[in-house]
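Trainee: Take a look at the following structure, please.
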Amino acid sequence: MSAPQQQQQSQQKQQQHVRVVEQQQVEPAEAVTSSMESESISASKELTGLTHECGVFGAIACGDWPTQMDIAHVICLGLVALQHRGQESAGIATSEGKCSKNFNVHKGMGMISTLFNDDSMKKLRGNLGIGHTRYSTAGGSGVVNCQPFEVHTTHGALALAHNGELVNNESLRREVLARGVGLSTHSDSELIAQSLCCAPEDVSELDGPNWPARIRHFMMLAPLSYSLVIMLKDKIYAVRDTYGNRPLCIGKIVPINAGHGNNLDTPADGWVVSSESCGFLSIGARYVREVEPGEIVELSRSGYRTVDIVERPDFKRMAFCIFEYVYFARGDSIFEGQMVYTVRLQCGRQLWREAPVEADIVSSVPESGTAAAHGYARESGIEFAEVLCRNRYVGRTFIQPSTRLRQLGVAKKFGALSENVAGKRLVLIDDSIVRGNTIGPIIKLLRDAGAREVHIRIASPPLQYPCYMGINIPTREELIANKLNPDQLARHVGADSLAYLSVEGLVEAVQLKHRDAGDSKSKGTGHCTACLTGEYPGGLPDELSW
């Protein structure tokens, strides 16, 4: 597809998203909340540039039910560890494993710490449950789109939480509506849930619903992008799309006195599934493995098992989002057998090889660029020192009341450590540049503190294309890399020089561990670089309007 065609279709896709938000209906009381959240979200996007859509979590107790384990608190702590994946809304749904008519559900707008108190947690009784943190990309902002999403079927209740974004949302929506099923929101999660409520024509269900077959049918219709947790009365299904675009992993809850070994032979107190493994230790769980691309995993009180694996179309390579390593994931999470922090460290090393510069100290924009800065410092032999002090009490969703205060927003978030800065030549590492709104004020802050030179190094390639697979990346016109080359951007933000890590360098850093180990598994790996290269995975249909 030519560049003009991509740009035209990108604009069409953006218009589709605008129509989705315009069509969203809310009650008057919710409208006030939605308006406030909209202002807050806009400010967040302007300050932070990129936002992930969601984090999902599920937990189930083993052994006799009712369990002595407080499942709701386990899920709540799991969601706290995933709060970086979504700060707009959150929710938890639990099941006691007996009555299939209703689940215990609590969800709403806001952060985990404000949504879940003692009263709400007491109502979330159960032996299993799922949870969700959300930042909207499709469906709009508002209470009506909070997850988990619950539907009632002739076979009982079903609750679902989703991370990602359906690339063929419109065709799936038409298919569901053609069956006479009403959709009350524009959320992908409701669409998935309603799709699962209808049995495929070629599946016999004389003995009750065949949920794995229904899930497989949905996966054949929807190539990407999703990681799902689906709760029924007494079990949870963990599902990852066939391209493995979004992360999902399994953990084992072990007894408190189990120690810190691999605990393979230790009886499980329960099982968890999560977008990331970063919260496992805090809930007494141990990382087991990832849910494989196309895999359907069933979790029950007896343990977990693979019930089906759906193959990728035409045996194409998997397409795990490479920006999970760059920006979105927490540094202590594990993807593809390696810690995210280690990959970011390697990105910094590679960045020095590609873009060296004479300097006195290496530093970072806290905190996402810190690991790469350490890698740059180690490879170059230049001392690492902190030059920015972060104000942790300025939230990501701080509403900026005027243009002047908005421009000074960085001053609210950061202070300069002048003793480390004055008279020094600095290399400042950041993970990415989106619109270029933030880095300029930071450079000015450092120069005001006495920096002699400020050289910017970005530990990822230029962002040039939107993402419609669960990441809020703006239109091509808003991305600064499409307006200015590195030299022009350096002058624009007031830096002495600016350079990015190459696409090849990023892929090298991500795949280095497997290649050095001669891991045959690496032959089957692959990463989505669509936001960097414009090469979208999966042979996407025309209706996507890329």
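Glycine is treated like the rest: Cβ placed from N, Cα and C.
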Trainee: Where Swiss-Prot marks phosphothreonine, which residue is it, choosing among Thr114, Thr154, Thr438, Thr533?
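Mentor: Thr114, according to Swiss-Prot.
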Trainee: According to Swiss-Prot, one residue among Ser113, Ser380, Ser418 carries the annotation phosphoserine; which one is it?
Mentor: Ser113
Trainee: According to Swiss-Prot, which residue out of Ser34, Ser120, Ser364 bears the annotation phosphoserine?
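Mentor: Annotation hit in Swiss-Prot: Ser120.
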Trainee: Given that Swiss-Prot assigns Cys321, Cys528, Cys531 to the [4Fe-4S] cluster site, pick the one from Cys278, Cys389, Cys467 that the record assigns to that site as well.
Mentor: Cys467
Trainee: Taking only the binding-site residues Cys321, Ser368, Cys467, which one has a CA atom nearest to the CA atom of Thr114 (phosphothreonine)?
Mentor: Ser368
Trainee: Helix, strand or coil at Cys528 ([4Fe-4S] cluster binding site), per DSSP?
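Mentor: Strand, per DSSP.
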Trainee: Please report the distance from the Cα of Asp431 (Mg(2+) binding site) to the Cα of Cys531 ([4Fe-4S] cluster binding site), rounded to the nearest angstrom.
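Mentor: Distance between the two Cα atoms comes out at 14 Å.
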Trainee: Going by Cα-Cα distance, which of the recorded positions (Cys54, Ser120, Asp430) sits nearest to Cys321 ([4Fe-4S] cluster binding site)?
Mentor: Cys54
Trainee: Quick one: of Ser113, Ser120, Ser368, Asp430, Cys528, Cys531, which recorded positions lie within 10 angstroms of Cys54 (active site, nucleophile), measuring between C-alpha atoms? Sequence order, please.
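Mentor: Checking Cα-Cα distances against Cys54 (active site, nucleophile), none of the recorded positions falls within 10 Å.
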Trainee: In this predicted model, what is the average pLDDT of the domain 'Glutamine amidotransferase type-2' (54-302)?
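Mentor: Over the domain 'Glutamine amidotransferase type-2' (54-302), the predicted model scores a mean pLDDT of 92.
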Trainee: In whole Å, note down how far the CA of Ser113 (phosphoserine) lies from the CA of Cys531 ([4Fe-4S] cluster binding site).
Mentor: 33
Trainee: Please report the Cα separation of Ser368 (Mg(2+) binding site) and Cys467 ([4Fe-4S] cluster binding site) in Å, rounded to an integer.
Mentor: 20
